[in-house]
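Input: a single structure, listed below in structure tokens.
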Amino acid sequence: MAAAITDMADLEELSRLSPLPPGSPGSAARGRAEPPEEEEEEEEEEEEAEAEAVAALLLNGGSGGGGGGGGGGVGGGEAETMSEPSPESASQAGEDEDEEEDDEEEEDESSSSGGGEEESSAESLVGSSGGSSSDETRSLSPGAASSSSGDGDGKEGLEEPKGPRGSQGGGGGGSSSSSVVSSGGDEGYGTGGGGSSATSGGRRGSLEMSSDGEPLSRMDSEDSISSTIMDVDSTISSGRSTPAMMNGQGSTTSSSKNIAYNCCWDQCQACFNSSPDLADHIRSIHVDGQRGGVFVCLWKGCKVYNTPSTSQSWLQRHMLTHSGDKPFKCVVGGCNASFASQGGLARHVPTHFSQQNSSKVSSQPKAKEESPSKAGMNKRRKLKNKRRRSLPRPHDFFDAQTLDAIRHRAICFNLSAHIESLGKGHSVVFHSTVIAKRKEDSGKIKLLLHWMPEDILPDVWVNESERHQLKTKVVHLSKLPKDTALLLDPNIYRTMPQKRLKRTLIRKVFNLYLSKQ
């Protein structure tokens, strides 16, 4: 412990006495105002007291730093043998200590308790003796490694960190890096792996020595972390979507934007936040306000702009296309569709049930394909025929016009054959006219009668005395000659289907058999 404090004092004296090359970073720091001698002495006394306290903690706790497999760290709190620092590295360390002292003065002025929280470079030297390499600048061979840490190694096993931790790093075996002159901070620490190097920093920036001896200045990782946290907070408050907010889900709900619904009616500048409000405004102000029986749409850009109409309901339905309101919602559960007109809703609702029927029909062929047996094929054929019979006829040609045509033909047929008026519905009444007359050798007079309707009965010669009886002749429909009866009407002797004819014959034979018994 005494050797470490002596080395620290020698390091400070060398840093004050050694000249700095022009243009080096230390020259700018040396140009700053140095603190008074009394304050320096007080700070040195505080540093020595803190160093002794840390050494006592290290010796009592027995915490040792992890030394590398080919590195320069030793365990158990043993002091590491240090080589004599070069003038350039000593001057650089002195400059670093001057900067630390200036920063300590500023923190003492801002907070009375700041001096107790900060730790000097002597503490880092003593802490490094418990398991870290020296804070002196040394050049290492490619096969060797050194591990450096802040004052946090001595306190890690005793108390929890109070402030933000510095960067903790561990390198692989056989790596080489330059040691760090740490300015000290709140609980900054670094742990060295097997032959690895680790750097630590506190709240203030640390100086890292490169291989060529020039200091490399970098910002604390805590500052960058805090700035990142502030960016995330501002992003969350503004409602923007960031990858940090997504949490692996791929998307987040962004803040809803207010969409303005403007009324484009002539000489109307109203603006609304929703389409239902705009629709109510149009209906109450512009549609219901029109009087006189003539209704026009004065929406700017409308294809029927200023076109008069006598239907107010048409104008109300038409204005729904301008307002974008869809008040007619689907009544089927789970469907969120809405429509601007009731007709659109009426066309939409049956699609739900047609989809269900189609899904059932589509599931049936799958079941059929699974069992393509002969019995299944016969069953399918029967179902197909049954379905075909049960289906109604798509076309019905017996309409009113066809009925009028049949009635007209029946009237004409009755006028010629008198079936309904004189034949009692089953006989045809023929009327005769004399078309010829002759006198035979015996002196008798013969008359040639022609029957009406024509071409059904043949002409016949009768005696003149029989003329009065044969003016009319009634013939049953079944007695008419079949070759000429079709001329009377084609439906009288209509051909019967073969199956129906067989059925009729079987019934007649059965009735005849029953009558004989």
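Keep in mind that glycine also has a Cβ here, set from the backbone N, Cα and C atoms.
Pulled from Swiss-Prot, these are the features on record:
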type: MOD_RES; residues: A2; note: N-acetylalanine
type: MOD_RES; residues: S18; note: phosphoserine
type: MOD_RES; residues: S24; note: phosphoserine
type: COMPBIAS; residues: 36-51; note: compositional bias 'Acidic residues'
type: COMPBIAS; residues: 61-78; note: compositional bias 'Gly residues'
type: COMPBIAS; residues: 94-121; note: compositional bias 'Acidic residues'
type: MOD_RES; residues: S141; note: phosphoserine
type: COMPBIAS; residues: 152-163; note: compositional bias 'Basic and acidic residues'
type: COMPBIAS; residues: 166-175; note: compositional bias 'Gly residues'
type: COMPBIAS; residues: 185-196; note: compositional bias 'Gly residues'
type: MOD_RES; residues: S206; note: phosphoserine
type: MOD_RES; residues: S210; note: phosphoserine
type: MOD_RES; residues: S211; note: phosphoserine
type: ZN_FING; residues: 261-286; note: zinc finger
type: ZN_FING; residues: 300-322; note: zinc finger
type: ZN_FING; residues: 328-352; note: zinc finger
type: MOD_RES; residues: S390; note: phosphoserine
type: REGION; residues: 407-478; note: region 'Interaction with SUZ12'
Checklist entry - Other than its close neighbours in sequence, what residues sit by the zinc finger (328-352), given a CB gap under 8 Å and a spacing of at least six beyond its ends? => result 317, 320-321
Checklist entry - So how many of the residues in the zinc finger (328-352) end up helix, strand or coil by DSSP? => result 11 helix, 4 strand, 10 coil
Checklist entry - Which residue counts does DSSP yield for the region 'Interaction with SUZ12' (407-478) in the helix, strand and coil classes, in that order? => result 16 helix, 30 strand, 26 coil
Next on the checklist: I'd like the per-state residue tally for the zinc finger (261-286) from DSSP, helix first, then strand, then coil.
Outcome noted: 12 helix, 5 strand, 9 coil
Checklist outcome for this item: DSSP tally for the zinc finger (300-322), helix/strand/coil in that order, comes to 11 helix, 2 strand, 10 coil
